[in-house]
Amino acid sequence: MFTIITGAQFGDEGKGKIVDLLAKDYDIVARFQGGNNAGHTVRVGDEVYKLHLIPSGILLDARVLIGPGVVLNPEVLAEETAMFEKHGIKVDAEKLGVDAKTSIIMPYHIEMDGLREAARKTKIGTTKRGIGYAYIDKVARDEIRMAELVDKERFLKRLEELAPQKEKEIEAMGGDPKIVRDPFLIQKYLELGEQFASYVTDVSREINQALDEGKHVMAEAAQGTHLDVIHGTQKFVTSSSTIAGSACANLGVGPTRVGNVIAIVKAYITRVGEGPLPTELSGELGEKIQKAGGEFGTTTGRGRRCGWFDLPLLKKAIALNGYTEISLTKLDVLTGLEPLRICVGYKYKGEDLDYPPELTEDLWECSPVYEDLPGWETDLTEVKAYSELPENAQNYIKRLEELMKVPINYISVGPGREQTFKKE
């Protein structure tokens, strides 16, 4: 069975927690896009693990894989493996595999990313971690891959081939071109290559063999649907494709293998950085949700903008991903809010819309049309079953199901593993 999990909003929906919950039933969990610009948090008891590269299934028995559609900063990978080993969790080549064709984020990518964002008149909210420039090099066939990082001779040869052009580009951007051939940084990367040499694998082959043997494989996305490089709110998007179809393309798995596609949906909506957010709440109410939900980025620490549930954006996410079920997160954050509002459509230049306009500049001009529901005062964080939820919380969930036309199978009422239950 091949299952794909993606975020249905702008990222930060709680994918890490749900993947961690479900991974016990899977033999392999594979990350298929993005880099360390994305972050996911997994809480086990009193321990909190903040991850940027390693898939969330690392904490259970699953083998975890990083596919060739990911752009990988080996320094971050080393930091994460060290963090786990500090907590007594061994992350060796039997536990973690990285595809040979995975593109490597080089120091010059990070330098160029920062220079480009500083020069922009309109900021797009990049994390300045070199993700975009690593993807540019991948498309231009100018990347350094994992297979080259772990082979000293190949790595140095490839770097010499690329260095003159990279130095010219950095100098033209007003930066210091010496970073490209900095001996200290080169030595650091050679050591990282040596550290991870045994981790190199063929991810597509591993996954397809596992599926042939009847094993269960989960593909884990980073970020969210509306940050997709093609279908998202351009130009305020990430550099990779974040939707379910990308899992097949990037991991090398045929679409007929897909069994389930699970959406992770927050009970409200958030966005970090720039870009349109039609239901955004400014002032005291927005701050209240931000504080109650701990809405601060795992990667950047930036406060997330908060808004009411946006159905038109969800409809588009459902169309783009073909979801078979939904996991609803952070329901507890809505406690004490009266009324609860669901955006069921937009007003755009006098027209009524029930689906987002294609162009970002038009989405900026959309005003939300709300349906109001009564809220609840009960603290939900100790709730262990759907039947224990207050009536108005159940009614909110039922209404979302009616509107989305996709079943909600899991509900989360807090950050802990034990704070998620099935909707029976």
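Using N, Cα and C of the backbone, Cβ positions are placed for all residues, glycine too.
Taken straight from Swiss-Prot:
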BINDING   11-17, 39-41, Arg304, 330-332, 412-414  GTP binding site
BINDING   Asp12, Glu13, Gly14, Lys15, Asn37, Ala38, Gly39, His40, Thr127, Arg141, Gln223, Thr238, Arg302  IMP binding site
BINDING   Asp12, Gly39  Mg(2+) binding site
ACT_SITE  Asp12  active site, proton acceptor
ACT_SITE  His40  active site, proton donor
BINDING   Thr298, Thr299, Thr300, Gly301, Arg302, Gly303, Arg304  substrate binding site
(request) With Val413 (GTP binding site) as the reference Cα, tell me which of the binding-site residues Asp12, Asn37, Gly39, Gly301, Arg302 is the closest one. (result) Asp12
(message) Please identify, among the recorded positions Asn37, His40, Gln223, Gly303, the one with the smallest Cα-Cα distance to Gly14 (GTP binding site).
(response) His40
(message) To the nearest Å, how far is the Cα of Gly303 (substrate binding site) from the Cα of Lys17 (GTP binding site)?
(response) 20
(message) Within 10 Å of its Cβ, which one of these binding-site residues (Gly301, Gly303) has the largest number of other Cβ atoms?
(response) Gly303
(message) To the nearest Å, how far is the Cα of Gly11 (GTP binding site) from the Cα of Gly301 (substrate binding site)?
(response) 14
(request) Work through the binding-site residues one by one (Asp12, Lys17, Gly39, Thr41, Leu331) and name whichever has its CA nearest to the CA of Arg304 (substrate binding site). (result) Asp12
(message) For Gln223 (IMP binding site), which of the listed recorded positions (Lys17, His40, Thr41, Gly301, Leu331) have their CA atom within 10 A of its CA?
(response) His40
(message) In whole Å, how far does the CA atom of Leu331 (GTP binding site) lie from that of Arg302 (IMP binding site)?
(response) 22
(message) Within a 10 Å radius around the Cβ, which one of these binding-site residues has the most neighbouring Cβ atoms: Leu331, Val413?
(response) Val413
